[in-house]
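Following: one structure in structure tokens, then a few remarks.
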Amino acid sequence: MKALWAVLVVTLLAGCLAEGDPELEPEVTDQLGWQTNQPWEQALGRFWDYLRWVQTLSDQVQQELQTSQVTQELTVLMEDTMTELKAYKKELEEQMGPMAEETRARLAKEVQAAQSRLGADMEDLRNRLGLYRNEVQTMLGQSTEELRARLTTHLRKLRKRLMRDAEDLQKRLAVYKAGAREGAERGVGAIRERLGPLVEQGRQRTANLGAGAAQPLRERAQALGARIRGRLEEVGNQARDRLEEVREQMEEVRAKVEEQAQQMRLQAEIFQTRLKGWFEPLVEDMQRQWANLMEKIQASVATNPIPPSSVPQESQ
């Protein structure tokens with residue numbers, strides 16, 4: 001916080017000195033007074049370099065000043081600078097951590113004011129060059145030395161003001177960035193301070209709950225284990241009873257099958273005996289008839305012998 005206030009004081013003092021008597025301001029150097037690290041600073045550097053070239057009022061500059069070439073170039077460079085500046089400011093706003101709303105609003109307002117002053121300075125430079133072009137066009141064929149002298153004086157003053165406002169904007173952006181970083185660090189510290197006691201309370205509560213609930217949990221676990229063992233024993237007994245019942249049913253089935261097989265064997269033997277009783281008399285009768293037939297045939301052959309057959313001889 002001390003660092004933030006120190007930067008604010010330095011910025012305010014610089015602004016007060018810059019708003020003093022213009023005659024006391026030092027001559028503007030040819031280069032910007034800081035390193036162009038940020039894109040908006042680089043864009044402003046290109047604007048500054050082009051303006052320095054215009055201030056030389058060389059023959060080429062004099063020729064281009066009579067057209068809209070210079071003002072168009074300055075317009076493009078000015079728009080590039082403002083675009084990059086807005087992007088950098090938005091980036092800082094996104095990085096802003098927890099900070100008092102009043103401080104945030106004040107810093108944003110100061111940066112916006114400095115940004116507006118810089119834009120107005122660039123606009124004045126462009127308008128002054130446009131005015132010079134109009135004056136030159138109205139004095140065709142006449143000497144323009146006096147116009148060039150006045151333009152040189154105006155450009156010198158405008159460049160001083162541009163440099164002053166650019167440095168002021170850079171300082172305020174530095175304060176804005178420092179405030180964002182310090183606000184974020186302070187916010188993290190405040191969050192840590194608020195959460196620290198809560199975390200400690202939660203840790204103690206967890207420890208107390210663990211110590212107080214250990215015994216009931218152990219008893220509940222033992223009771224649950226006993227119920228599970230009882231259920232397992234009950235299921236085991238039921239399984240054994242069921243197995244014994246199935247074994248007895250299998251024995252009954254086997255006995256019935258053996259009994260039915262014995263009955264079928266007895267019935268087969270009885271049927272075989274009946275068949276034998278049916279066919280044996282028929283067989284004996286057929287054998288007897290066959291024997292009688294053979295005897296009759298033999299007796300007939302014996303009583304009626306067959307005479308030998310005579311074969312006629314062929315004549316010689």
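Think of each number as a place in line: the chain as shown, counted from 1.
Quick reminder: no glycine exception, Cβ is built from N, Cα and C everywhere.
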Looking at 1-13, 40-52, 274-286, I want to know which stretch Swiss-Prot calls region 'Specificity for association with VLDL'.
274-286
Would you measure the largest Cα separation among LEU158, ARG159, LYS160, ARG161, GLY225, ALA226, ARG227, ILE228, ARG229, GLY230, ARG231, LEU232 for the heparin site and round it to whole Å?
99
Need one number: mean pLDDT over the region 'Specificity for association with VLDL' (274-286).
85
Using a 10 Å radius around each Cβ and all protein chains in view, which of these binding-site residues has the most neighbours: LYS160, ARG229, ARG231?
LYS160
Report the DSSP secondary-structure composition of the repeat '2' (98-119) as helix, strand and coil residue counts.
19 helix, 0 strand, 3 coil
